[in-house]
Structures are given as structure tokens and as C-alpha cells.
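Step one of this worksheet: look at the structure below.
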């Protein structure tokens, strides 16, 4: 303990305990936020598995939001982290824990740290240790992995250093018009009596945890709401934290007046829950060619899945992202400020174990036992979803083999008869659990974890649980906790995509339909029952105060990773040009609500991800003639776009867009671009580009300038100009006459 904290750290903890004991506070709380944005060029985005969807700039930066909570006596603590990333990976957590232990000893470890992904599909990939998830990113991408590790650790450091006595409050409310079920036919296969218990086929409840200091000032907020971060579709090439990341920025902007994203003290996390079959694209699936509804069971249009897409509520993906974000933000604010919030009281505790999910014997009833399977992906996995369709001739709901794809599958690895029988009725497309070359394709050993904060239990699941899977898990764990002594008003939440990634989890009944989610339930038809069984063991140990088994040790495959992503070879400015030169400049004037676009001679953004920095700034001239930064690349109002103009010559351009808010203060502005270029000898040099100054005006002022001055003013100016011209002409002629 002394080596982890040092003398000053121990003094701080002692002071906190004394303060906490002298005030009406139940916990010691810290919150921190840090940048985790990876390479903004040439890296495949994680989520849609579309090799053509590579990063080409930034719309919203990605952040890690960390919260540390310990009891008032500082005996036990937990760390919950929500990251603007597609999910978490086992190798990522192992590396983060390694770095935390080097700083803090065993204070933070794999048992009491939970790292959850919001599931944005617009962040750079390549950060997994299992091969399947890195194939479309051309293998492991260290340029993505390192910012994630460093940013997550930095957010935990900030939370650790900001800890103070405080209180926690929880509240739950219903949020409508923000999510739909994208696999309704699978949901309908659940028992009718079970479905009758619920009003909707997706969870509409949002649970909010409010964190305050001893004076009731806000420290932070965490909410859990089930909805995919797929408002930005698979045609997007700009890094984005999608609807949950934008909602977090909206909330933080309210609480941190005047602060840039990621720079304020108040931290708001919009964390993920059981979103497996839940889409934000609320218009529902329609055929792109006809506009008619898709075929419901297969999500196809004339037999083609590529044409069946579910659009969002807005006019485009940006508008849809904004709408779903605003809905979540507004509901979270209502629940956060609700005076009826339940105050949490009681211990802080946790239980964690590793489980080999490929080999779990599940007791279904008193007479029946079943077993999970080695991981495998079904045919409908390749069909994609209505949020992002797949390709070729795959369709959702496919339970039959295809000779051609069977041949392709068998070339990679022919499934054993036992595997085929175990995964039935799933037709296996990729037998990932039996594929080990060059290293494991899918995880077998995964993290399971439950946190307790008084009456709140956080169930950290390492996968995407469907709506009904999440409900069954919550109900079962809640019953176990209460039966073993938890209070009657216990609240349980599912924290999805946490600590690890093991694809999807559907109910047994949903699995039979083999929609995308069922085809991606990798451990077979009894996956959910196995998870519930193992989580109940943790819940029982948590409630009774008994230890949980550590379980088998997961592999660390980071030293085995392969990458085929070419590095940046060099950057070059066109002949007669320099890096940062303006290609297309700003106009002289703009009105509020319009857009400014400036294009520069650029360099590859992979040369420097600018963690905690920015590729751009929008600046306003101040009365003292200094420039003040008013926007960066972290904000909704800006876009940073990069493209190669000559791959062979290493030439590229950057376009910076600023969507001027309707309320932007009139004045003089400019846009700056901050780049880094790699020379042939591999040296990286920084440079800056700058637009000309331009005016932002109110619409009335802009119209006045655009259409000229009033006629009376024009007549006066014309008369003065003519008089001036005549005088100058007379003087010139006088000089000429004298010379001659």
C-alpha cells in the first residue's frame, strides 16, 4: 500500500476519511475524462466490418470517462469506465491493468475495474487480440491500441486524483422514440407469456446514477440506455462517438460552461446496456430502390440484403445522430435533476471471475444438463443488419447450408461433427473456435463481473445481449441478490460490451430464428443460460460476502499480433507549394447558420493522432487584437476531412468545415490547420496552415453587404470617388506637362 500511494497519497486518503466521517456523505468519489482518438486516416472502422469504410478525418473525438467510487471508510473501491469505442477487448484490458498496477500496486486490478464501450461504429479498429475482429482492419493496429490504452489510463488517473467525499443517487425513467427492435421476428419467438410482461419489444428504461460532492455539487453522471451507436451509417468515414458520445458532450457542456469537450471537471457517461437487437434508426427497414418495407423475416428486397436499410429519424445520418443524442441527453437531465432520486447507502463491493464459455455445463432443470460450444459464426452473420447490411447472397434468418460457402469454410477449417451438432440449427460459416492459425480467432475465456454500490448492482457483460436476454439476466440476478440479503429496492443494470468482447447473446428461442444476432451468438443455443448461471454464482458470492473463484487465466496474445496495414511512407507537397498552403480559401463574409470550408495542402493524420490536441481551430479576433480559439476538432460544429490527391507522390489535402451556429457572435474569424508531415528520411515535422480572416454577420448584416449599400449611400460614395479621381488625374497631367 505504501509503495502504491506514497506518503502524500496516504495523507490524502486519511484526510478524505476524516472529512467524510464529519459530513453527511456515504462515499468517496472521483471522475476523469481523457482523449482516446486513434488514427484519423486509412484505418478500417470497427463495427460494420466494411473494409471500404476507412477513417478519413474527424467529426467528434472519442473520450474515456472514468469513475472511481469507494465507501466512506475507503475499504473497497470500484472503477467504472465508459469509452467512446466500439467495445472493449481482452488484450486492451490486460494492458491497462498492467499499467495501473505499475502505478498503484494492486489498488486497481482486473477484479475491480470495469471498462465498457458505447459501441460507436465510427472509431478506428485493430485493437483486439483475437483475429476475427481485426481482419477488416488488416490486422492489429498499434496506432489505435496505444491511444486507447493511454487515454483510458489517463482518465482513471484523473478520477483517482479528484476523489472527494460525496453521495450517489439513482433514478430510472422511460425514454420513447429513440430505439426500435431490428430483429422483431426473433423477439416474437420468445414465449408469449414472457413477452406479455413487457410493453415494448426493446427496453425503454434509462437508469441514471448521479454523483455529487458533500455540498451537493455535481461531480458526474452515468446512465445506461440500450441503443446501438449506429446513427452514423457505414458510408461515414469521419471518426465519431455517434449518438451517445454527442449526448455526453451536450450534458457536459451544460455542466462545464465554456469548457471544450474533454476539458471540464464534470464528467457525463452515456453507457451502453443490452442493445444487441436495438437500433436507433427509428424509421424502420425500407428498400432503398422502392421505398417499400423490406421482407420482414429475411430483411431483403427482391432477395438482396444490400438494399434493405433502416434509416434514422432525421434527414441524414448527421441529423439522426443529433436527434437520438438530444433525446438521450434531455431524458438524462430530467432524471438527474429529479428530487425523488433514491440515495444510495451501503457497501461498495465487487465480484469477478474468468469463465471458459466454450465449455460450460448448464443445469437447465433438475433432470437436464446441456453444454455450450466452441465459438462459431453462422451464415446470417455475413448478412449484416438493417443498420449496416452485409454483401454477397447472405440473408438473415438463414438456417440452411450453402455448398459454395461450405467449401470456402472447409478450406479455412472444416467444423467437426460435434461442433455442427452443438451449434444446431446454426449453419456454421466460420468455425472460429477451432481456428488457431496464426493465433486464436475468437475468445473462449471471458470476463464476468458484478459491482455493488449500496442498492445498485452493475452487471458487466462481455457481449451484446439482446433485449430479452438482458431482461432475463437482470431478473435472475436481482432475485439471487435479494434472496441472499440485498434490500428490496435493489436496482440492477446491464453494462454491455464490458472488459471483453464475445459477440452476441440471444435467448434460446431467438437463436432458433438465426437472425444476425443469433448467428453471432458464438457459444451455441444455450449461451444465455450459461451466462446467467455463472453470473448467479457471482451474485450469490457478492450478497453473502464470500470470495469468487478466479477461474482460468485468459491468454495474452499481444506479442503474437500481425499487421498488414502499410505505414505512412512519406508526405509531399505539390511542386511550388508548401504544407499548410491554402488551396480553397474562405470567403470574405458569412452569415450565422452558414458553413465555412477551407482546403489546405495536407499531410497524413496518422503521423500524429494529436491525443488531447486538435487538427484545427476556429479562432475569433478579440478587442486586444489577440485570437481566441472558439472551436476545435472535438466539436459537433466542425469537420476535419483528409484525402489523398496522389497516393504515389504522397500528396494530400485537408478540408476543414465550420458550421457556424445560428447564435455565433458576429466578428472576425479565421481557421487554422495543424499538421505533421513525414519526410523520405522518416522525420516528422509540424506545420500550420491559416485561412484569410473573414467576417461572421447576422443575416440582416449579411444581406446588407451582399446586395450593396442603400442608393443614397452609393450616390455619395460615387460622387466622392469621381471628385477624388479628377483631382488625381489633374495632378498626374500636371507632372507629365512639366517633364515635357
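Each Cβ is built from the backbone N, Cα and C atoms, and glycine gets one as well.
Copied over from TrEMBL, here are the features:
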type     : residues           : note
ACT_SITE : 279                : active site, nucleophile
BINDING  : 119, 228, 464, 504 : Zn(2+) binding site
DOMAIN   : 27-533             : domain 'Neutral/alkaline non-lysosomal ceramidase N-terminal'
DOMAIN   : 535-696            : domain 'Neutral/alkaline non-lysosomal ceramidase C-terminal'
SIGNAL   : 1-22               : signal peptide
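Features per TrEMBL, on structure.
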residue	record	CB count, 10 Å
119	Zn(2+) binding site	25
228	Zn(2+) binding site	28
279	active site, nucleophile	24
464	Zn(2+) binding site	28
504	Zn(2+) binding site	23
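On a Cα basis, residue 279 (active site, nucleophile) lies 13 Å away from residue 464 (Zn(2+) binding site).
Excluding 119, 228, 464, 504, which define the Zn(2+) site, the same chain contributes 87, 272, 275, 276, 278, 496, 497 within 8 Å (Cβ to the Cβ centroid), listed in sequence order. Measuring Cα to Cα from residue 279 (active site, nucleophile), the binding-site residues that fall within 10 Å are 228, out of 119, 228, 504.
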